[in-house]
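Okay, structure first, notes after.
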Amino acid sequence: MNNYNKIWEIILNELSKIYSDEVFKETFSNIKKINQIEEKIIISVETEFIKNKIYKMYFEKIKKITKLKFEEKIIIEFVSEKNKKNSNFDDEKKHFENLKEKLENENQTYFSKIENNENNDEFQNNKYFETIEKEQIETKTDNDKNVEIENRKISFNKYNYGNTNPKYSFDNFVVGKSNNFAFKIAKKIAEEKKVTTNPLYIFGKAGIGKTHLIQAIGNHILKKTHSSKKVLYVKADGFIEEFTNQLRKAKMEDFNEKYRDIDLLLVDDIQIMAGATRTQMEFFKLFDYLYLNQKQIVITSDKQASELKNIMSRLTSRFEAGLMVDIQSPDFNHRLNILKKKILEFEPQNPLKIKKDVLDLIASSFVNNVREMEGALLRLLNYAQTFGYDIDINIANEALELLIKSKKSVSYDEDVLEKIKSVVSNFFNISVRDLMSKKRQQKYTLPRHIAMYLIKELKDIPYNIVGSFFKRNHSAVFKAYQKIKKNSQSDYELKKSLELILKKINS
């Protein structure tokens with residue numbers, strides 16, 4: 001056999017042509033020691049986690065490279081540093097002899113076409129090649145397998161896998177013209193055995209069903225596989241917070257183990273990552289890792305990838321390389337169907353009968369946001385149930401008076417509000433998340449007050465409604481508005497900033 005260090009160098013060189021630098025270095029820079037027992041090369045890595053990851057993600061490709069590059073039989077085995085210290089050399093040698101005997105009795109078969117090898121000339125000239133195994137040669141003991149199964153059970157509890165809300169399913173998603181394509185694609189992904197569409201990027205305004213659809217994918221897969229798949233749902237702000245906390249506590253190994261040892265990642269409201277540069281860099285590494293290992297990624301946003309602001313281009317380009325599907329605001333008939341479905345869910349055993357004029361009132365009053373419309377219906381149903389009323393148009397007007405009045409009098413354009421928040425954040429070089437937060441440093445409070453002022457000034461929205469956007473009360477918004485209005489008359493820099501921001505908003 002050739003020098004075993006040289007053999008490993010050749011294997012590493014081929015792996016570096018297949019995987020990105022970041023993925024390659026993160027995994028294979030942790031090699032601690034290389035030993036040899038006859039035809040077997042034993043490679044020691046830093047932790048049990050890295051060892052398991054190599055077996056799960058890279059071992060098949062390592063075996064293919066070994067078979068292609070070397071005429072003699074070579075067996076590669078990975079052990080963690082701790083396990084290697086505790087191993088007995090004689091036992092290891094005996095295990096090797098048993099493995100060797102098994103190897104010589106194996107039937108030969110053929111691998112399918114080699115993947116991911118455009119830059120490798122030798123791979124290009126060898127489109128098909130033999131493998132020495134009919135099934136993967138076992139290099140783990142029964143005890144190792146039992147530990148792995150037990151660890152998988154523990155990780156489900158430790159990392160809260162399968163955390164989707166069970167109320168969201170494909171069965172209770174009301175399909176219409178505005179969301180039919182997105183629905184069909186989502187269901188196709190949930191039912192496929194192999195990953196063929198990656199990533200799936202679903203975009204549309206707030207409150208029109210993106211969260212329902214993304215979680216329905218996860219729930220369908222969990223139900224189909226009896227929860228054996230590792231599905232993880234996370235809102236972008238939750239990802240930011242978790243990454244920041246784990247980084248501060250120096251627990252990034254736990255973070256990586258949680259997010260990389262999964263089968264399906266569901267990320268809601270990716271636009272919230274705007275301006276969070278370090279988090280974006282970490283998400284980029286995670287995205288590439290999952291993508292290269294053929295793990296499904298599904299993302300939602302309030303806008304298409306090309307319109308995302310303060311999100312690094314190498315992320316948006318990856319989103320655009322997948323399948324982008326949009327969900328539009330539902331038309332009138334679609335909204336009526338949604339209301340009827342919700343009524344059935346409210347009292348499934350004894351469905352309420354609500355007259356068409358009542359449903360028409362709700363459907364015509366809440367046009368752009370299904371979530372708001374469902375909230376109005378729920379208020380009406382509970383109002384009538386609490387007071388023992390039969391639901392008619394008069395009771396509906398009475399129960400929903402304030403909600404309908406605010407919708408008619410405000411009639412605000414949600415896109416304009418989002419644009420104001422985005423422009424102000426960009427102008428002051430902070431994230432939208434920080435703008436909407438409760439941080440009290442001057443660099444956050446001034447932009448926040450300006451955003452409140454502009455929303456009130458430009459759209460003439462009541463203080464309490466503006467406050468609801470920022471999770472503040474009427475008084476806080478009133479004070480912010482008065483402060484900016486007064487100071488802009490004497491503070492030249494503030495006045496100039498307002499003019500520049502307004503110019504960007506109107507452009």
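Residue 1 is the first one shown; counting continues down the chain.
Glycine is no exception: its Cβ is also placed from the backbone N, Cα and C atoms.
Copied over from Swiss-Prot, here are the features:
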type	residues	note
BINDING	Gly207, Gly209, Lys210, Thr211	ATP binding site
REGION	1-72	region 'Domain I, interacts with DnaA modulators'
REGION	72-162	region 'Domain II'
REGION	163-384	region 'Domain III, AAA+ region'
REGION	385-507	region 'Domain IV, binds dsDNA'
Tally the residues of the region 'Domain I, interacts with DnaA modulators' (1-72) by DSSP class, grouping H, G and I as helix, E and B as strand, and everything else as coil. 44 helix, 13 strand, 15 coil
Judged by the number of other CB atoms within 10 angstroms, which among Gly207, Gly209 is the least packed of the binding-site residues? Gly207
Sequence-distant neighbours of Lys210 (ATP binding site) in its chain (C-beta under 8 A, six or more apart): Ile202, Phe203, Gly204, Asp268, Thr300, Ile327
For the region 'Domain IV, binds dsDNA' (385-507), residues assigned helix / strand / coil by DSSP: 94 helix, 0 strand, 29 coil
List, in sequence order, the residues of the same chain other than Gly207, Gly209, Lys210, Thr211 whose Cβ lies within 8 Å of the centroid of the Cβ atoms of the recorded ATP site. Gly204, Ala206, Ile208, His212, Leu213, Thr300, Ile327, Val370, Arg371
Across every protein chain in view, the count of C-beta atoms other than its own within 10 A of the C-beta of Thr211 (ATP binding site) is 20
Overall pLDDT of the region 'Domain III, AAA+ region' (163-384), taken as the mean: 90
